[in-house]
């Protein structure tokens, strides 16, 4: 049951009163003046009297109490927000029932990630016909875990995600500091081996617990395992346990440690944990979506860059071959110069000696500048899609029904069943 704070009572009008709304057994309380802010909706109009229970002195609404929280919050703060946990079609039906236009949805809920989540197939809680009160303990625990790790709606979920993000930063910084020389030619990892191991073990234990809990709470566990971000999470965890296993086995078979290539691969895989930040960074996810959308165009530019690189390298090889320069001994050697030149790096370790070669090198540099500038408008076009998503609420598919279908415009004599 939600009540206004005591501070709010000092500013209430004398003729104001508390209204109790019973939504499928769950009671909500608010001020009558709060509902009257929007007289063109069901809760703010005279049509609400059709749902009044004289015996219990409350209004009974046979609707979804979970979604009603967002609707009642709209009356309180004047902003309508969505929840990624709920099916958009089901939420749209609730708004239609209460006579609230989809245009009232706040712009922050129309960003690319939110709209994509609504457009994807989703197992709606309404389809399961299981309310939080009637659901089993296992279902409630899994819902709670998903709320903590997959959303930022609660204070606990924000704290947990901030804590995990901090651990990721500390883990990456620790991996970097390990390679610094501390004293007498020894790295910090060799001098403070025990301290670094304890710190990494704590971080890996928490990351492992997070992965196990999210796997347990997943609705479709096979889909969870093959998801890209979860694969990266697994790659960030496994090297630690593989390295422990190798060290344990090496105590009995020291020859195993002689395979340094395998250990180098494990150390490289440890840096995959920095990619876990993309799960908790909205900007990085948007950049990833932009690159994914522009994959075809960027692939074509890469192919064009490769063709230009081969072309200029071949020309330079035949021009500089047999001259005073001994740097362009083959087309692959010439490709190193063309790549460095087209990327406008210019190391200077390989330069043409002849005038025709310098002319071709200048053309190669200009071509590189032009080709490097092309991906920018492509990515910019992808970022502009976010602004288009904000205008999605103006599309016909997300418009409020006509007034002829709104509940608030029904005659006062209409029974409550016709309002459903």
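Including glycine, each Cβ sits where the backbone N, Cα and C put it.
Keep in mind that what you see is a predicted model, and the values were worked out from it rather than measured.
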Per TrEMBL, which of 128-148, 359-379 is transmembrane segment?
359-379
Out of 159-177, 178-196, 387-405, let me know the one TrEMBL marks transmembrane segment.
159-177
Out of 97-118, 229-250, let me know the one TrEMBL marks transmembrane segment.
229-250
Suppose you had to name the range TrEMBL annotates as region 'Disordered'; which of 313-348, 385-420 would you pick?
385-420
Can you name the far-off residues of the same chain, 6+ from the ends of the transmembrane segment (197-217), with a Cβ under 8 Å from a Cβ of it?
141-143, 145-146, 149-150, 164, 167, 170-171, 174, 224-225, 230, 233-234, 236-237, 240-241, 273, 276
Spell out yes or no: are there three or more C-beta pairs under 8 angstroms between the transmembrane segment (359-379) and the transmembrane segment (295-319), with each pair 6 or more apart in sequence?
yes
Using a Cβ distance cut-off of under 8 Å, indicate which of 159-177, 229-250, 334-352 has the most pairs with the transmembrane segment (295-319).
334-352
Same-chain residues near the transmembrane segment (159-177), Cβ under 8 Å, at least 6 residues beyond its ends:
148-149, 152, 188, 196, 199-200, 203, 206-207, 210, 270-271, 273-274, 276-277, 280
By DSSP assignment, list the helix, strand and coil residue numbers for the domain 'BTB' (17-115), in that order.
44 helix, 20 strand, 35 coil
